[in-house]
Structure formats: structure tokens, C-alpha cells
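**Q** Could you have a look at this structure, given as C-alpha cells, before my questions?
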Amino acid sequence: MKHRTALLAALTLALGAAALAQPALQKGITIAFLPKQVNNPYFTTAWKGGQAAIKEFAGVGKQVGPSDAGASSQVSYINTLLAQRQKAIVVSASDANALVPYLKRAMGQGVKVVTYDSDVAKDGRNVFVSQASADTIARDEVKLLAKQIGNKGEIAILSATPNATNQNAWIKVMRDELTKPQYKDMKLVKIAYGNDDDQKSFTEMQGLMQAYPNLKGVISPTTVGISAAARYLSGSPYKGKVALTGLGTPNQMREFVKNGTVQGFALWNPEDLGYLASYAAAALVSGQITGKEGEKFSAGKLGQRTIGKDGVVILGPLTVFDKSNIDKFNF
Amino acid sequence: MSVPNRPKRSLLGWEATILALVALALLLGSTLSDAFLTAANLSNLSSNLVEIALIALTMTLIVIAAEIDLSVASIAGMCSALLGVLWAAHVPMPLAIVLTLGLGTLAGFFNGWLVTRLGLPSLAVTIGTLALYRGLAYALLGDRAVADFPPFWTNLGFGLVPGTQIPIPIVAFVLLAALTAVVLHATPFGRSLYAIGSNEVAARFAGLRVERTKLLLFTLSGLMSAFAAVVYTFRFSSARADNANGLELSVIAAVLLGGVSIFGGRGSVIGVIAAVFLIGIIQNALTLADVPNEILTIVTGLLLILSVLGPNLSAQLKAAYGRRGRAAKGGAQ
């Protein structure tokens, strides 16, 4: 009797485990990365991560793509990949709509489509691997600045254009974040707009320092803005006294981190983005996921990932670049 | 392939060379990849070329008349932007298309007017309007994109003739190509283009209306660019100000490779069509074989050099051969 119970228990356990276990990732999956542009350091870095993942699950990967960022040039590549019977296409779209009919045709023939970095309309792909949510970006930025100025003092935002959709969404979340008790001593005094123009951003930063002499820190959530602002601070008496953070690329910001103008700034890690996109593609091809909300798949060193609303998988928190790690990145 | 040494046959020779190269490219493509010689791939291949092929037709006429139109891609971009703006403003599609074709015609007429009335070189004029029209495209649509075109219309750009693998726009191209070939090779108007391109002064003395002809050519080029813009917009279901960016270079490359002399007076429609497909086939075959992009660009560049070099080289060889012949004769006397 006891024996039987044990056997039954073992059987139940085994069945339960089987129900939980997903089909394993297939070997030899062909995955093609199609970035907006080849020979662009950002996409080269993403492909490095994508390639690493493909190696881990023993797939066959390649990257192809146009040297100009036109939508029409990507279309001919999609057709070519279809003719080559690739199992999955991982694409960063130059145009949210132009690729859709062609990607739909590919999906109709059983090809799995993952977008990364830049999405298409959602019926044109199975899964979108997004860099970070608007929420994460905004809250991480505030946290980063708060740390640099000891949660205290006047702050400003140097944005892109007044009607940039993503910038405004972030600013809204930042304002909300600043109402939290731990940030009660931080005061947002001004939102300036550099129009994503180097010269204009430079003069706007200069203007901020003149208009608000007590300014302790600036968030510039745009790569053009933050590098222009850093250049101004670097040559001014405020260097090292006024904190500057935001979204930038390591190559643009390296000298300012090294000369002490900037302590730390953030961006998603493109290598991880490519890595995650590869795993999403493999999970689709192997039948672990279909792109529905709530489905889970394992993404190697990035752990278990869950598909959110509209088939979006989010890479997660931003990567902070500072003196300790900036030399590991080249994009 | 023998090198023909009679001037009249040299053109035919170049065309034969291009056609032989097309056959060679097809052969090469099928050995590089099994996926190359499939109906679906050939269908995609030709579909990708259709805008270049369309604009190359009118460009052939212009270059034969010893002029050039560098603004074609900008006209296409501007027309695509207008189509988007009109559709976003709820203008019925047939009317929007007519207005778009009208804008292209007007833009081409303006080019022609500057060239003929002010006597400016078309190279300079159309470099100017290349910037002007692209600027207007951005003024119309900015960095927005209009994409919500109804499926009926986008299918005209993207779809296949029912029951076949033939892209619908290719049907329009075949009809227009036949029309252009007949006009160029079998009408007095067509012959007048060769006369103007060979020797404009002589053509004038012969009573040809050079100005009117050129004005018509540029206007037609504008209309064709607008038509290509409509095809492009529907094919990608995306109206953007940067649509067709840089297309003028592909068009001119194809026209020159097709044996049309950059100095005017020489060329044929069939040669140009063969050249459009030669470039397209090579690019498609190399892409299928995973040849990197840089190599693709280099190959296209080499083809372009060959296109200018080929006819000239054969002419020079001929001239050198002729001189030697004369020198030999002189020595004998």
C-alpha cells in the first residue's frame, strides 16, 4: 500500500513536471537578423548579442540588411529571406507600415517574425522585443539623477522637441515619479527643448545654467541633448558640480564620463536586446510560444520572460553606464 | 560575341551584349541558389524593379535627346507625400490620384520650362529642382507617414494578377514600355529625338521644334515619376516624404548601361529594359547567395563604369583601327 502511494506520488510528480516543461528549443533553427542598417555600431552590437544566443541553442544565424535606412531596401531582403526559407526573421523596421504586407506574406508561409528596437504594426509580427517601457525609462532616469544629487535640489529637463511623443510620455511619468515622498526635496524648475539639434541643445543648456544658478542636476532623455549638454558643462565652471544624466550612447559620452563631467547615464544594452530577440525567435519556431499575452519562455542568461500586452516583451531596466563599465561598450 | 566594327551595328552589338549578360546572370543566379529560378522569386525581383523601370522609360527619351532629369526621385517623393496628405484629408482616392499625377506633370513642366525658356542646362536645372521638390515633399508631410490606405488600392501595388505570379504593376509597365518603344522607334516624334540628341543645331535647321519637344519630354518625365510614386506608395502602403530617395541614380545607371549614350542620339528601349533587369537580377542573385552588401554596391558601381566604358571603348577601338588602316594605306603610297 505504502509502495503504491509512493509510486502514485512519483507518477503525479512526473506528470506535473511534464505539463510544466515546454518543448525544448529545436536545434539548427535558421534565424536572420535584418537591422535598419548594416555597418551601424548600434545594430552591430545588437547582432553580437543575437549571435551569442543563437550559438547557445545551436541555431544557424546570419545578419543581412541594407546600407541605407530606407524601407524599400528592407522589403527586398524580406523577400530574399523568404526565398531562402529561413525559419525566423528578426527585424528592426525602418517604416512601421511598409514592411507589413511582406511580413504577413512571410508569416503566411510559416516564418516567425520578431521585431526588435523598432516595431511594425502588430499584425505584421509575432513578437516585439522592446528596449524598455516608457515607465521604466522615466523612473530609472529620475532615480539615477536623485542618487547623483543626494535627492535634493533644483532640477531641469532638457528634452528634444515639444511635440515628441516618446519624450512627452517620459516627462509625464517623471513628473509623477517626483511626487513620491523620497523625492520631496527635488524641484523641477524648467523643461527646455533642444529640438534634437546639437547647437540648440548646447545653447539651451547654457541658458539653463544662467537662468537657474542653484540648479543641481539635469536629465536629458535624448542622445543629442545629453552629449551637447555634456560638452557645455565640460568646458564650464559647473563641470563636476552640476549633475547631468539621461539617455546617451557610450561612444558619445565616454570622454565626459572619464573627465568627470558626467557620473553616469543610461540606455538599454543593445547586446541584450539582440540576445533576447534571438531567444524569442527560437521559442516561436520551437512552438514554446505563439505571441499571446501571458506566455512564458526562457531566454538564457536573461532568465524567464513573459509576453505582455500586444505581443510585446520588454528587455527590462536600463543599463547604467559609468566609469566602471563604459569601456566594455562600443556603439 | 564578336565586336562589330560598323557604327550602325555597334549599337545592336551593345544590346546583344546586354541581353547575353542577362542570360548569363540568370544562369549564374540559378547556380548560386536553388531559390533563384522560382516563380515567386522572379515575381519579387521584378516587383522590386517596377518604379525604376517605369521612370527609366521616360529617362531614355530624355537622354537620347541629350538632356537629363535628376529630379525624378524627388518628384516621386513629393507626389507620394501629396497622395498621403490628400488621403489623410479624406479626398476620394481616384481624385487624389489624379491630383497627384497633376502635381508630377506640373513639376516636370516646370523643369522643361526652365530648360527651354531660360536656356539653362538640364543638369543644373534638375539638380536644383531635385532639392526643391524633396524640400516641398517634407513641407507637405514632414516626418509623418500616412499608411491607412484601403486594401483595394494597396493590392494594386502589392498584389499579383489573379492565378499568376505576375505583380500587377508589371502589367502597367509592360503596356507603357510597349507604348514608349513604338513612339521612340516608329514615329516621326521618336526619330526627332535622335536628331536633336545627335546634333541640335542641325535639327533646328531641319525645322524640328526642339524647344517644344524638350518641354514635352520633361513634362512626361514628371507625369511618369508621379505614376511611379503612386505605385511605390501603394506597394509599400506608406506615403512618406523620403520615399524613392536616391532612385534617380538607379534609373540613370540602368539607362546608361542599356546603351543610351550620355551625349545623346543613341539608345533603345529594349536595351534599357534589359539593363534594368540585369542590375535587378544580379542584385537579387547575390543577395540570395548572402553576398555582403558592400560587394553588392561595388558590383553595381563596376556595372555602371562598364556601361559608360563599354560603348565608348568599342568606338575608340574602332577609331584606332580606322587610323591604323589609313596609316597603312598612306605608307603603301
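Any Cβ shown, glycine's included, is placed from N, Cα and C.
Below are the features listed in TrEMBL for this protein:
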TRANSMEM  B:45-65  transmembrane segment
TRANSMEM  B:72-89  transmembrane segment
TRANSMEM  B:95-115  transmembrane segment
TRANSMEM  B:122-141  transmembrane segment
TRANSMEM  B:166-184  transmembrane segment
TRANSMEM  B:215-234  transmembrane segment
TRANSMEM  B:246-263  transmembrane segment
TRANSMEM  B:270-289  transmembrane segment
TRANSMEM  B:295-315  transmembrane segment
**Q** In the same chain, which residue numbers or ranges, 6 or more beyond the ends of the transmembrane segment (B:166-184), come under 8 angstroms Cβ to Cβ?
**A** 43, 46-47, 50, 53-54, 57-58, 60-61, 64, 155-160, 190, 193, 224, 231, 235, 268-270, 273
**Q** Mind pulling out the one from B:45-65, B:215-234, B:295-315 with the most Cβ pairs under 8 angstroms to the transmembrane segment (B:95-115)?
**A** B:215-234
**Q** Contact between the transmembrane segment (B:246-263) and the transmembrane segment (B:295-315) is defined here as three or more C-beta pairs under 8 Å separated by at least 6 residues; is that satisfied?
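**A** These two segments touch.
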**Q** Who are the chain neighbours of the transmembrane segment (B:246-263) in space, where the CB to CB distance is under 8 Å and they lie at least 6 residues beyond its ends?
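**A** Sequence-remote neighbours of the transmembrane segment (B:246-263) are 11, 14-15, 18, 51-53, 55-56, 59-60, 63-64, 66, 68-74, 76, 130, 197, 271-276, 278-279, 300, 303-304, 306-308, 311.
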